[in-house]
C-alpha cells in the first residue's frame, strides 16, 4: 500500500500548500513545481498537475506571477515539445488577469513555449489561443493577445495569415486605449515577421492609424514603431512613409511624444539615410533641442554627440553647435547635466580647431557650473578632449578649473577628481604632475570625508604604480611618514591604510626600512581603532617582508597587541599571528 501511495504524496502536499492561507507557503509550493512534476512523472503532470493549476488560478498576484514564470520553462516536465500545448490553457487564463505584471509574464512564457512548438501544433493550438484572446470580452485578454502575434504569424497558412493581419488591424482600432497601446508597442515585432508585400499594404496603414490616435500614450509608442518599421522598409519607402510621421511627431502637441522622438531620432536617422537626415531631420532635431519642455531638451541633449557623428563636421558646427551653446547655459540643471555627459564626445567629431575655438569655452563654463553633477560629468570625460587637442592646451585651459574643483565643497566632485588623477598623471607626465597636482594628492589625505581619504590612499598607490617606486620614495613616502603623527586619530588611520596599499608596490626593502617602522610605532597608539587596523596591516605585510623580519619585528608587535585590553585588537592580532605561523610552517 505504501508504494502505491508514494507518488500521491507530492501532489497532496502541493494541493495542501496551494490552498494554505499563508501566501509564503503557496509561493514556495509554486517555486517547487518542477520538483513535484519530476516526482509525478510526465504523464501524471499532464493529466493531474496542469489541470489542477488551470483551475486554481484565483490567487494573490505574487503567486500568479511565480506560476506564470514557472510554466514558461515547464516543457521538459510534460514530455517535451510534442506535449507543449498542454501548458497553454493555464497561461491563457493568466493572460486575462487584471494585474499587468502577471499578464506580461504569462505572455513572455507563452512566447517562450510558442517559439519551441512544432508548426502543426502552433496552427492547431497556439493560433486558436491568440484568436480567442484577441476576441476576449475583457480588454486584458486583448492587451495580452497583441504580444503573441509575432510568434503565431510565421507558421500560419496563407488564409490564417490574412486573418491574423486583419485581427491585428482591429486591435489597433480597439475602443480601449490600453489595447491600442499594446498593439502600438508590439507592432515592430509583428511587422518583422510579415512579408514585405503585406508590409506596405497592411502594416503601414495600421501604423498610420496609430500615429493619428487621439491618445498621446498611443502616439508615443508609435514613435518606437517608426524606428522598427524604418529598418524593415526600403530607404525610398522609409522616406515616403516614415519621414513625414517623424517630422510631424517632432512638433506634436504632447511633450511626451516629442520626448520619445528626441530619444529615438538617432535610430530614425540610420533608417532614412544621410540626405533626408540633413534636409528634414536636422531641422526637427534643432527644434527639439530648443523645445520649451525641459524633459524634451534633456533627451535631445543626451543624443547630441551621436547625432553629430552622422553629420559632416561643417553641418554639425553650422546647425548643432549654436544649440549646444544655448543649452550650456540652460535654465534647467538637468539639461546642462545631460549635455555635460556627452559634449566631450563632440571633440573627436569636430576636430582640433573647432574644439579649441568653439567647444573649449563651453567646457570651461560647464566646469564652473553651480551644480556638482554638471561638473562631474565634464570631469569624467576629459580624456576624450585630450586625444584631440593635446595635453599642453588641455593643461593651460582646463587645469586651473580642475585644481579649483579639487577643493570643491561637494565631496562627490572631489572624489571624481581624485579618481581622474592617475589618468591625468599618465597623460601629463611626471614633471608637470609634480608641479601642479602633487600637493593636492597629499592634501586629500586629510579631507573631512572618509570616502575622500580612502580614495586618496588608493590614488597614492596608483601613482606609485604609474611613476615607479623611486619617484614614490622621493615624493610620496616622506610626506606620508610626516603625517603619521597627526594629532587626529582618523588621519593617522588613513596613513596606516596608505602604507598597506603602498607596501606591495614599493617592494620588500623600502617596506622594511621606511614603512614597517611607522606601523610598529602606531601599534603603541592610545586609540583601539588604530591598533586593530595596525594588526590587519601587519598581517598584509607578512607575505611582502622577509621571514626574519616577520619573526623579529612583526611577531613581537603582534604578541603585545594580542594582550591588549580591547577585544577587537586581540582578535585581529591573533588572526595575524596565525598567518605568521602558517607561513613559517609552509616554508
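Glycine is treated like the rest: Cβ placed from N, Cα and C.
What TrEMBL records for this protein:
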- 358-519: domain 'Phosphatase 2A Regulatory Subunit A helical' (DOMAIN)
- 10-48: repeat 'HEAT' (REPEAT)
- 164-202: repeat 'HEAT' (REPEAT)
- 203-241: repeat 'HEAT' (REPEAT)
- 242-280: repeat 'HEAT' (REPEAT)
- 281-319: repeat 'HEAT' (REPEAT)
- 320-358: repeat 'HEAT' (REPEAT)
- 359-397: repeat 'HEAT' (REPEAT)
- 398-436: repeat 'HEAT' (REPEAT)
- 437-475: repeat 'HEAT' (REPEAT)
- 476-514: repeat 'HEAT' (REPEAT)
- 515-553: repeat 'HEAT' (REPEAT)
- 554-587: repeat 'HEAT' (REPEAT)
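On the 0 to 100 pLDDT scale, the repeat 'HEAT' (242-280) averages 80 in the predicted structure.
Away from its own ends, the repeat 'HEAT' (281-319) comes close to residues 243, 246-247, 250-251, 255, 258-259, 261-263, 265-266, 268-270, 272, 274, 326-327, 330-332, 334-335, 338-339, 341-343, 345-346, 349-351, 354, 358 of its chain (Cβ-Cβ under 8 Å, at least six residues beyond either end). Outside the repeat 'HEAT' (476-514) by six or more residues, the chain places 441-442, 445-446, 450, 453-454, 456-458, 460-461, 463-465, 469, 521-522, 525, 527, 529-530, 533-534, 536-537, 540-541, 544-546, 549, 553 with a CB less than 8 A from a CB of the stretch.
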